[in-house]
Each structure stands twice: as C-alpha cells, then as structure tokens.
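Written out below as structure tokens is the structure these notes cover.
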Amino acid sequence: MAGVILLLLSLCVGYIAYYFFRTESMNKESVRGKRVLITGSSTGLGEQIAYEFARMGAHIMITARRLQQLQEVASQCMKLGAASAHYVASDMGNLESAQSVAQEAVVKLGGLDYLVLNHIGGSGGFGFFKGDMDPVVGSTTVNFLSYVQLTSSALSALQESQGSIVVISSMSGRIGAPFTTSYCASKFALEGFYSSLRREFALQNSKMSVTVAVLGYIDTENAVKKVGNKVSMTASSKEDCAREVVKAAVLQQPEIFYPYWGIKPFVLLRDWFPGLVAKILDKCYILENIQ
C-alpha cells in the first residue's frame, strides 16, 4: 500500500511540475495563410476557435446548420484578420452532407491544413436511459460517423499538407457519465478511432498529427441550456478553452485537458480508485432536476 501511495504522489508531483513549468510556446505566424475547416462553428466553442484562427491570419471555412449565424461568424472572422472566410450550411446527421463539406472546403481553400471536428448533436436530452434507440443511433451518426466521414473525405488533402486533425472530445469519452449514455458512447468511439489513427500516422513516419481535446463543462449556450440546472459545477470559459485548443493544435500535441485540474486528476485516478472517482463525480449532479 505504501508503494502505491508513493507512486501516486510521484505522479502528482510530476504532473504538477509539467503543468507549471512547461515552456512550449506557439508561433502564431506559422498559422498565417493556413487552411482551416471548423465544424459546429456557428456558435459556442467552434465559433471561438474560428476567431482564434482568424486572428492569426488563416483561411477559414466554417460549417453548421444555421446559415445566418454562419454568415455573421464569417464576417467577424474577416474583421479579426482572417485571410479569407467561407461558410456552408450542412447537417452532419447526413453523411453525404459531411462528405460534401470536406470536399467543398478543399476546393474553396485550395487544400487543407487543419480539420477541426467540433459539432455535436443527435444524443437526445439529459436524463436516464429508458431503452429508446433513436438517441443512440442519432448520436453515433452525428458525433462519431460524421467525424470519420469528414476525416476520410479530407484525408488526401491533409496527407498532402502533412496537416492536423483536431477532435473535440469530452471527459465523458474517458470516464462513463450517467444521464448521457448515447453521448458517452460516441465520445468513447472517437477516442478509440483517433488514438488508433494517430498511431498509424506515427508508424508511417507521417508528420500528420491528431489532437484530442478532452473537455469538461464549458460555458457554451447549448451546454448551459442543457445541463445548467442539473449539475453543481461551474462552467469554464469557452474563449479560454478555444485558445488552449488552438495552441495544442498548432503545437501538434496529442491531447489537451481543459480545464486541466478539473479533468486530469480524475482520468489519472480512474483505474486506481474507480469507486472513489464515481462517488465524487456523482455528487456533481442535482438529481431532483433529472428525469
């Protein structure tokens, strides 16, 4: 037992030292002129990621379902300094639409350097699983299969540029969470697919990178509306989150945790003390507001 405690303390000290003393810095000029496709970018985190790339002078293409909001975001991207800003309305519940978006991005941008997969949907409400298969199928299609379809359709262009894939995942893709069974399943699938793909790139000596962003509760309008009265957690800033995601993408880091101290300790302790982790996380839910 003493050995286990010593090991855990050593790991904690190591991660604390890494977190506070890491010196990696992002060269913003390296992004100027790069070609970026960002999905789910009419609002929330995707919108903020688009603005971060715009500030660095990238060519940007954004996509979501709502055309008017896409137009507004594209206009703001140009004001912030984007080299160009394109948009296309699309429903990621249709895999043919996902394929078309990737192909259109490659044509309009003249290639692709960053593929940022951020959209979510189809997983139903926040509550107990009652046997309904529609949310399972919907979530699998939108939150997993469309990501793979976009990657497949953009792969040749990314190979040509030795580009980067950025996957917005969740703590729910590392630790099973109640009330979001369909969503959790899709995020676990993402983690498996893209960690495997990253290894394949490495074995081929490819310079292509895969960055998985493992996120907690972020203060996007959709997230707050869906779970704001059902959890006792404080939502983290979407602007700060976007900056960290883009930094990780530019530095080609394999993964990022945000907020770091709200997620990383639980992921580390999950296998050692699963019961304790579950009890701590379960206390975050306001059960009387969940059906």
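Cβ coordinates come from backbone N, Cα and C, glycine included.
According to Swiss-Prot, the feature signal peptide maps to 1-17. What Swiss-Prot records for 40-66, 91-92, 118-120, 183-187, 216-222 is NADP(+) binding site, and it gives similarity to another entry as the kind of evidence. Feature annotation from Swiss-Prot assigns substrate binding site to S170. What Swiss-Prot lists as active site, proton acceptor is Y183.
Here A64 (NADP(+) binding site) comes close to T39, G40, S41, S42, T43, G46, L70, A89, S90, H119: these same-chain residues lie at least six apart in sequence, with C-beta atoms under 8 angstroms from its C-beta. Counting Cβ atoms from all protein chains shown, S170 (substrate binding site) has 25 others lying within 10 Å of its own Cβ.
Between the alpha carbons (Cα) of S170 (substrate binding site) and K187 (NADP(+) binding site) lies a span of roughly 7 Å. If you draw a 10 Å sphere around the CB of E52 (NADP(+) binding site), it holds 23 other CB atoms from the protein chains shown. Shown in sequence order, I120, S123, S139, N143, S170, S172 are the residues of the chain, 6+ apart in sequence, with a C-beta less than 8 angstroms from the C-beta of Y183 (active site, proton acceptor). Long-range Cβ proximity for A58 (NADP(+) binding site), meaning a same-chain Cβ under 8 A and a gap of 6 or more residues, is found for V31, R32, G33, K34, R35, V36, A82, A83, Y114.
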